[in-house]
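*Asks:* Dropping a structure here in structure tokens format, bear with me for questions.
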Amino acid sequence: IFISYLQQFNRVGRAEHGSVALPGVIRSGSIGTESLSMGTMPSAQQQITMGQMHRGHMPPLRRDPQALMGTINTSMQAVQKAQIDLGEVDDLPPLGQDMASKVWIQNKMDESKHEIHSQVDAITAGTASVVNLTAGDPTDTDYTAVGCAITTISSNLTEMSKGVKLLAALMEDDVGGGNDLMKAARTLAGAVSDLLKAVEPASGEPRQTVLTAAGSIGQASGDLLRQIGENETDERFQDVLMNLAKAVANAAAMLVLKAKNVAQVAEDTVLQNRVIAAATQCALSTSQLVACAKVVSPTISSPVCQEQLIEAGKLVDRSVESCVQACLSATEDGELLKQVSAAASVVSQALGDLLQHVRQYTSRGEPIGRYDQATDTIMTVTESIFTSMGDAGEMVRQARVLAQATSDLVNAMRSDAEAEVDVDNSKKLLAAAKLLADATARMVEAAKGAAAYPENEDQQQRLREAAEGLRVATNAAAQNAIKKKLINRLENAAKQAAAAATQTIAAAQNAAASNKNTAAHQQLVQSCKAVADHIPQLVQGVRGSQAKPEDLSAQLALIIASQNFLQPGSKMVTSAKSSVPTVTDQAAAMQLGQCAKNLATCLAELRTSAQKAHEACGPMEIDSALTAIQTLRSELQDAKQAAASAQLKPLPGESLEKCAQDLGSTSKSVGSSMAQLLTCAAQGNEHYTGIAARETAQALKTLAQAARGVAASTTDPKAAAAMLDSARDVMEGSALLIHEAKQALISPGDAESQQRLAQVAKAVSHSLNNCVNCLPGQKDVDMALKSIGEASKKLLIETIPPASKSFQEAQSELNQTAADLNQSAGEVVHASRGSSSQLAVASGKFSQDFDEFLDAGIEMAGHTQDDQVQVIGNLKNISMASSKLLLAAKSLSVDPAAANAKNLLAAAARAVTDSINQLITLCTQQAPGQKECDNALRELEAVRGMLDNPNEPVSDLSYFDCIESVMENSKTLAESALQMLYAAKEGGGNPKASHTHDAIAEAAQLMKEAVDDIMVTLNEAASEVGMVGGMVESIADAMAKLDEGTPPAPEGSFVDYQTNMVRHSKAIAVTAQEMMTKSVTCPDDLGCLASQVTVDYGQLAVQVGHHSLGHGCIFLVQKAGALQITPSDSFTKRELIECARAVTEKVSLVLSALQAGNKGTQACITAASAVSGIIADLDTTIMFASAGTLNAENDESFADHRENILKTAKALVEDTKMLVSGAASGQDKLAQAAQSSAKTITQLTDVVKLGAASIGSDDPETQVVLINAVKDVAKALAELISATKCAAGKAADDPSMYQLKSAAKVMVTNVTSLLKTVKAVEDEATRGTRALEATIECIKQEMAVRMSPDTHLYVENYSSCALKLVYVAFSFF
């Protein structure tokens, strides 16, 4: 009725665009007209809210409803997925019943409950935020903030579902517990889904639907928390909260009625409308407060939920103030204004009661501490007395206040003593109260003296001293209360920090999809992982301290967990803040920024609380460490009993390899912390001794868990028992060590105490080694070491037995066993990085191969009487190197992350190889034929000295005789022979010395090449003086071979022969033309050219039976020799020119014959030549671009050329298809395809160069990237043309066809890469990435091209390194 009454004052009756900003415009409610009665409030309607969000460091806000729709759709998908996931609980492996298993289960349940609670807190807070933010006019709604709240709800629901599934699986032992929990979670998910549907901007749902859905979320949240036993707010507190909210609503209803009376008497329409608008806003904001209270009531312990409720209360307060001001302006009726003021005071009082109730939640309405106020007063007042020295009057006044405060504290302590059940505690309280009362009496007497003699400084000093004594007594009396208060504060700070960290992790995961900075995202992921690893310890610390409030160990565990949480938490805050600007989704960015800010605040409180709690608790690390170690010993004993009955099960996530590595790495940490413990205890430093004891206990906890995991994962009961026994021995020894360290602190210089410490430490170290040696694989390595030691005793005998085998057999066996041992060493290195079973097998094989190698070495020593001592010495070195290798492998397998462990293992493996090589080298020198090789080497060395001085005569031979002599005594030939002899010497005449065969074959090949080279050189030398008889004879021999009958089987394909024939034929034609020129300009050069014709025809004659060309070449060579003898003979010159023309014509005939039958192949050859020229031109262009001198000729832009590049590139792809199909078709189609591809690549390179030039020389990097991309295309086309030429006419299953297809794929890949480069050339952010992608593709193609049997290893290693380098660079983008 009242809303209708108010609306009649609005002449429009509805909101119009033109009157939105005018005061007094009343908007119609979403559900129509409502009645108003005393004691009730109408449903919340549209309103304008302010101050809801803190937007510091946030990205620009979006006010687009469409953006909110996208957020809602994404969130709805997440909610639907969560509903599906909540269909069944997690599948956990079988868990044991030993103490450690029960502790693990309890810890996991506690962690899951904490996470679920914090996530439900965030869901309800987000719901309240949505309710508040969507209450106003849609045109004024902050959609970014709404999206942030919705994102918070959905992301936390997703994470909550995971925790619920795990907790439900752990609760399955409870009757119906797991099922009820899953049902409650599904109900909450359904309520969230309803809310998301209701707040869609286009849904048209009435406001009441939103409030109903929000209320359902509050109800479902409370049910879920009750299922997990986390409903911290009791029903009484919630009832009080709702009653206080309703009281605010009732008071606001009364204020609205009083405002109505003012509106009725207001004469000014504008002022009347203003009163109506203010009253309506007051009613709406109050309704909003009630709805918010209902939502957050189940999770009111959360600061974010409290903040939402407090913010709603502030809005009510502002609306009440506005209503009062509007009434004051509308009338001067004193009675009406008095009624309005009184009603407003009632609203303010009710609102104050509500907010005070919320703020006092931590004590659930009870006093925070009985001694807190009195203690704080005493500390403050005594400080005032100290600063008031010289003012006796002020000191006496402060003393009176101090006396009252101490009297209150004494009375409280006596009251507590009377109520205390424990007699000892009661006596302690009474004694502390008496000390405090006595100190108070002394202070009162001193105050009387100061009052009687205000000018006497001594009296003032006595009062100061008495106040100091009272301060000390207060601290002593209230110590336990203060300590308890600080621990409670730390518990609360730790809970809030863990919850804030959980929220930040959820926000980081939600923002991952829209984070465009990969490096920032990875850094955030790593920091989140580190924090996630520390949250369980923090939660366990809180639970332990709350469960055992008087347990010093539990308190210390909480303090340590809090201190350890600070560093990773701070790093995550930094990473989250740096990631916010790179998250494109503004709602996700806002959520991440808010969570990071909240976490930073919680960490600051945690840091302060942990520091104060630590100071209050004092040094208790040593006793706590002893208690923790005794607990670990009990758990190991319990685990042994479970293992004996085959009931010991590995915990989820545990495996044999993981636990073994954890044990190995932790054993070193234990040793290090114990060494620190001994040092600090010996120095009498209690503080650092406590820290070392704490670190030792922490390391021992990890060691015990790892030992239990190894025992639970092994299938050998004896091995499991041995592991648990050795670990328990470590715990017993460690406890004794810490106890002795504690005793040593009492008497730091006691020699007997120090001796006991050293003895106990030695025993613990022995126990640690035994524990490590119980790991799988370690015993096998120890057995291998023992086997090597036993075998090596054979080398200690004084006389080596005579050989029983021949030298060649002994050497062959030594080489074989050496190769086996070297291979086994490599297997040990590999196995040390693998599983324990692999190391066991590898070490056993290594020891066996060592035994065989040692026997072969001793057998070989029997053949080397002169160097027997050296052989035995080398064998000893190999034995030592082998033992070091196994020790290094053992160390690495125990702790793979140990510093320098991998380097030590690699060095040990190299030492084994080097020592083996030294022995083989020594034994090889004794092989038959070594002396002969040494004599030949010395003779060749003497001959080489002559060649170093060629001007000195060595005989009386003529010039021509010397040529023949030089052919036999060339320096190059001598060096080749030397090399071959060295290789033969190493081979030792042993056909089984396979490792030397390659070197011998290589030396022989080099010697053959040297002979061929000197023959060519001598022919050229002879031709220089006109002696061409040898050349004519060579050509004639080549022609004669054509008449010998059936030629030998071809070694290559027809295309290879055709290509070679074309090349040699053209070379002959070119040389003939050059000879025509030289016959006139420089006849002395004809000899070299004639020699070149001879060589080219020799290669050509093997492949083409063309006698006519051979005869022409003979005539040409003869005329060249004649002209050299008589350079001025014009007749001979004309004959040579005629012969050269004849040769050119015959070459043309050969080429025509080839081209007539293989037009396509010839076209491929021509196209390949053209592409080679294009590649060379592109290299030149790249050079200009790199130098910054590649510029366009006009003011054109890259966009002017982009379309031409894309069009030409697509045409080239079509040519690629034609080339591939042309290989299987006729020569005509192949020729057409080759010609077309050559033309297209020419066009493509031209247009790309123009495009690169248009970019400008101020950006040379982009120019080079673009030109390199088209260069890669040209290279790929050259390879494709070559593959097409080879595959022409072949069957479909021929290997050359597969090579053709591979080349085509590379071609298409490079064209695609070019297109990507073109499209990204104007995108600054992707240029580096494209360059690296192009480099990777180029390296891969080079790998494919250069892979051959001879270069396989080199190319693979080179390319692998290159790819790794590029991928590392790529990771920085």
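Note: Cβ is positioned from N, Cα and C throughout, glycine not excepted.
Automatic prediction, not curation, is the source of TrEMBL annotations.
Since this is a predicted model, take the numbers as computed values, not measurements.
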*Asks:* From the ranges 420-447, 476-503, 700-727, 1344-1371, grab the one TrEMBL calls coiled coil.
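*Replies:* From TrEMBL, the annotated coiled coil range turns out to be 476-503.
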*Asks:* Kindly point out the range from 174-201, 622-649, 1154-1181 that TrEMBL annotates with coiled coil.
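*Replies:* Of 174-201, 622-649, 1154-1181, TrEMBL gives coiled coil for 622-649.
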*Asks:* So, by DSSP, how many helix, strand and coil residues make up the domain 'Talin-1/2 VBS2' (367-482)?
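*Replies:* Counts, helix then strand then coil: 99 helix, 0 strand, 17 coil.
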*Asks:* Please work out the helix, strand and coil residue numbers for the domain 'Talin 1-like rod-segment' (787-923) from the DSSP assignment.
*Replies:* 112 helix, 0 strand, 25 coil
*Asks:* Count the residues of the domain 'Talin R4' (489-613) that DSSP assigns to helix (H, G, I), to strand (E, B) and to coil, and report the three numbers in that order.
*Replies:* 115 helix, 2 strand, 8 coil
*Asks:* What does DSSP give as the helix, strand and coil breakdown of the domain 'Vinculin-binding site-containing' (1053-1159)?
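*Replies:* Reading the DSSP string over the domain 'Vinculin-binding site-containing' (1053-1159) gives 95 helix, 0 strand, 12 coil.
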*Asks:* Report the mean pLDDT of the predicted model across the domain 'Talin 1-like rod-segment' (787-923), rounded to a whole number.
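*Replies:* Mean pLDDT for the domain 'Talin 1-like rod-segment' (787-923): 84.
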